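These features come from TrEMBL:
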type	residues	note
DOMAIN	138-222	domain 'RCK C-terminal'
TRANSMEM	6-29	transmembrane segment
TRANSMEM	64-86	transmembrane segment
TRANSMEM	92-110	transmembrane segment
Amino acid sequence: MGVLFILIYLGIVLAVIEIHTLIFTYTGLDKPIARFQVISMLTGTGFTTGESELIIDHPIRRRFGAFLILFGAFSLAVIISAISSILSDEFFTAKISVVAAVLILVIFILKIPKVRDYLSGKLEHELEEHYDFRDLPIREALLTDDTDHVLDYTINESCDFIGKELRELIEDDEDINVLYVQRGEIKIRKDRLITEIQEGDHIILYGDEQTIESKFGEKNEDKK
């Protein structure tokens with residue numbers, strides 16, 4: 001019975017992982033990223049990747065993440081206790097089986113298209129209603145379309161753009177927005193379009209990725 005209890009509880013853990021993966025995907029996170037981050041929080045491995053910021057910087061995901069961390073610590077204690085008492089008859093296998101069955105049912109319910117659409121809308125409304133726009137990570141606030149990108153371009157010494165102004169380079173009908181120009185410790189925002197480009201400048205751009213790359217070159221590379 002002890003072994004059966006452990007297997008059932010492991011099933012509960014897997015169900016919790018799947019439920020939170022679905023919830024995170026309903027908030028706009030990619031499923032592979034969601035599952036990896038759920039497992040990371042549940043096991044307390046604490047991967048400090050850029051993807052983890054998608055959880056930390058998102059107020060709703062952060063709340064579910066806190067539960068996962070606590071549940072993971074509790075689960076470890078339960079499994080250790082069960083293993084240490086493996087020869088004992090004091091296992092509540094029947095009761096824990098009911099919990100596992102309920103969680104599996106929840107998974108099936110969450111996968112129903114109507115439920116998925118409802119929860120996606122509900123979570124989005126919750127975010128808009130109760131949280132400040134400034135609390136959102138860049139991906140949630142600005143990257144609302146597959147072609148949207150925020151890109152950083154560095155100007156090197158051989159760049160043809162040196163000495164020119166950004167207003168001369170970007171047409172009015174092009175889907176390119178200059179957020180600011182980083183020059184050393186200075187952020188140039190107000191005069192970003194009329195400031196002459198210098199070597200070492202970082203131009204922070206927002207807009208259509210293909211349009212930006214056709215104008216400035218491959219992303220995340222120095223403009224030559």
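For all residues, glycine too, the Cβ spot is worked out from N, Cα and C.
Small disclaimer: the values here were computed from a predicted structure and weren't measured.
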Practice item. Could you pull out which residues elsewhere in the chain have a CB under 8 Å from any CB of the transmembrane segment (6-29), counting only those six or more residues past its ends? Key: 35, 37-39, 42, 54-55, 58, 60-61, 64, 68, 71, 75, 78-79, 82-83, 93, 96-97, 99-100, 103-104, 106-107, 110-111, 116, 119-120, 123-124, 127, 139-140
Check your understanding: What is the three-state DSSP composition of the domain 'RCK C-terminal' (138-222), stated as helix, strand and coil residue counts?
Key -> 16 helix, 28 strand, 41 coil
Review point. Per-residue pLDDT averaged over the domain 'RCK C-terminal' (138-222) comes to what?
Key: 81
